[in-house]
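Before any comments, here is the structure.
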Amino acid sequence: MRTTTHSTKDLDAAPPAQRGRPVHRPPTGEDPSLRAAYRLCRRITRVHDPGIYALIQLMPTVLRPPCWALWAAASVLDDLADQRDAQQAEREARVQAWTQALQCDLAAGTSTDPVRHALVNTALRWRLDLSSLQGAMTSTRDDVRGQHFADWAAWRAWCNGEIAPWVDQVQDLFERAGAPMTLRLERQQDYKRFIDGAQLTDILTDLSTDLAQGDLFLPQEALDAFPGAEDDLRQGSWSPATAALIRELTALARQWVTRPAMTTGMHPGAATVLNTAACLMRAQLDAVDAAGHALLKRTPRPSLAARTRILAPARIRSKLAWSLTPLTVPGPRPPTVTVSGPGPAAESTTLRPPPPHPDGARPPQIAADRMPAHVAIIMDGNGRWAEQRGLPRPEGHRAGTAAVHEMVYGALEIGLRHLTLYAFSTENWKRDTEEITTILEAIRRDLDEGPIRDLDVRQRWLGHPDKLPQELVQAFLREERRTRNRTGLTLTVCINYGGRDEITRTAAALAQAAQAGDIDPHLIGEDDFARHLPHPDMPDVDLLWRTGNEQRTSNFLPWHTTYAELYFVPHYWPDVDRRDLWQAITEYSRRQRRHGAVPRISP
Ligand code: FPP
């Protein structure tokens, strides 16, 4: 994460925090070393990035110490990556060593390093799963070698990988405190743009420091639009081309951080933090614009008056908003000695293997080039299964949940990469309210306490949040964040999903991108469409399997299934188990797929 504004090196010499003023004490009991650790984190945050420090001060007092700990950790890593007194390999090794030490400290539940001590305590107390920070820490290490981005898409991927995991931790903190920073799902795009805008603002602010180190964290696509600008920048020369480039980039960043709809429906305290962040970034961008040629020599800062105009009313608003919200403060927790990956001490995230099949059945051996990458299932027949047994229909859905677990176990055992399940369609709202409630409740309960939680499964959701219970949406967003770095199986559960709805929304997203000038409408191709789908990384479906003796695709994944092999079986969904999945995959492995080509005839 690029946050280098001031080095953390001289912090021990810095004056104690806010001398003479009342200082909020972190809830660390009587442990003086922990109190000192949090104090240091606070100081690092304030010196390293005063803007972030001011934003944290707008949060409820109980959330400030964990935020200082997180921010200080990111800053320390950033500094380790930037220390110019060391060679590149040495700096990489330092970042790596710090990251590994954190892993050990999390397992031990304490640390001799003050910043890690505070971070470990934060993770334990607030039950944060820090393993999702691993990717961001690796990215910081890789920044040491410099970065090159061909286009904005590559730049965004880097930006998302560096910043989003840290912001996710803050979101988790708000949720644990009982004030979820509810980001409505339809605003996720806005949120991503906001993060891009924050990163671009940071890069423009730190241009002089980065250039002095030979770094330029801008995409080639943007630089090439202003011929000569890159050379001029690298030579420290302020030319008409560099001035035009910077003007263009500040305008872009301003547009990205200005997302008024993003905070719609959010808690007013959380909304104040985000809206103030946007105002501070715009003030920062004004300072970049005003700096002119000085931008290549020093770091521009908005004036104290400009900052005060933004922060003074925000302080009043946030204080009022938080005073009306009762928050939960977790008590101290003993360390959980479980580690797999860097730092899941808080939430026990030791990944378990799937439980064996009760009959000891094992998956068949399928040649790698015959294995489907993506199996999608229409889980049909729950209602008829229940009726056949004289049970109410909701019982069928409960039994169907057990079959879902079986499929996940079977997918992990056979080594499937992607499994997508059709759990609730946009058409299913036509059903009886009790039945709808049972299905959605079964899914939510499964997310909260089901047996898939500790398997090597990255869980995510596909569909639209409209009409869905907020607790279900929140549970999915939480599980997506918690499991985002798992690599075994990607399980996508489609809820309130409709294929035509997905295509319509994707077309709308493309139209917006064209309107914003991000894409030329005359050049839109299939790849562009695919990139605007809700999960652009979801591969085409190789095998579409439907149970329940029906032979239709029912508005399920129309974009992804155009060349899928279809497989229909008569059994009702609650009657299947992992052996049926293996049977479906075996059948698939025997099929000849041509994708419109002429079949090859063996000699
Ligand atoms: C179709 O059968 C099935 C559904 C509409 C619901 C499927 C949902 C589950 C199995 C729960 C999923 C749980 C998790 C954890 C993802 P139907 O009711 O249309 O059956 P019928 O055709 O016999 O009436």
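Including glycine, each Cβ sits where the backbone N, Cα and C put it.
According to TrEMBL:
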ACT_SITE  Asp380  active site
ACT_SITE  Asn428  active site, proton acceptor
BINDING   Asp380, Glu565  Mg(2+) binding site
BINDING   381-385, Arg393, His397, 425-427, Trp429, Arg431, Arg546, 552-554  substrate binding site
REGION    1-32  region 'Disordered'
REGION    325-366  region 'Disordered'
Provide, as an integer number of angstrom, the distance between the C-alpha atoms of Asn428 (active site, proton acceptor) and the residue listed as 'active site'.
12
Far apart in sequence but close in space: which same-chain residues, 6 or more away, have a Cβ under 8 Å from Trp429 (substrate binding site)?
Ile436, Lys467, Asn496
List every residue in the same chain as Gly383 (substrate binding site), at least 6 positions away in sequence, whose Cβ is under 8 Å from its Cβ.
Arg393, Gly396
Cα-Cα, whole number of Å: Gly381 (substrate binding site) versus Glu565 (Mg(2+) binding site)?
21
Cα distance (Å, whole number) from Asp380 (active site) to His397 (substrate binding site):
10
In the structure shown, with every protein chain counted, which of the recorded positions Thr426, Asn428, Thr553 has the densest set of Cβ atoms within 10 angstroms of its Cβ?
Thr426
Determine the recorded positions, out of Asp380, Gly383, His397, Thr426, Trp429, Glu565, lying near ligand 1 in the sense that the CB is under 6 Å from one of its atoms, and give them in sequence order.
Asp380, Gly383, His397
Which one of these recorded positions, Asp380, Glu565, has the sparsest Cβ neighbourhood, judged by other Cβ atoms within 10 angstroms?
Glu565
Distance check, please: Cα of Trp385 (substrate binding site) against Cα of Glu565 (Mg(2+) binding site), rounded to an integer number of angstrom.
26
Rounded Cα separation (Å) that holds between Thr553 (substrate binding site) and Glu565 (Mg(2+) binding site):
12
Once the DSSP letters are reduced so that anything not helix or strand counts as coil, what is Arg546 (substrate binding site)?
strand
Looking only at His397, Arg546, the binding-site residues on record, which one has the least crowded Cβ, with the fewest other Cβ atoms within 10 Å?
Arg546
Can you tell me how many other Cβ atoms are located within 10 Å of the Cβ belonging to Trp385 (substrate binding site)?
24
Using the alpha carbons only, what distance in Å do you get between Thr426 (substrate binding site) and Glu565 (Mg(2+) binding site) once rounded?
24
Under a three-state reduction of DSSP output, how is Glu565 (Mg(2+) binding site) classified: helix, strand, or coil?
strand
Other C-beta atoms that fall within 10 angstroms of the C-beta of Gly381 (substrate binding site):
25
Three-state secondary structure, which DSSP defines for Gly383 (substrate binding site):
helix
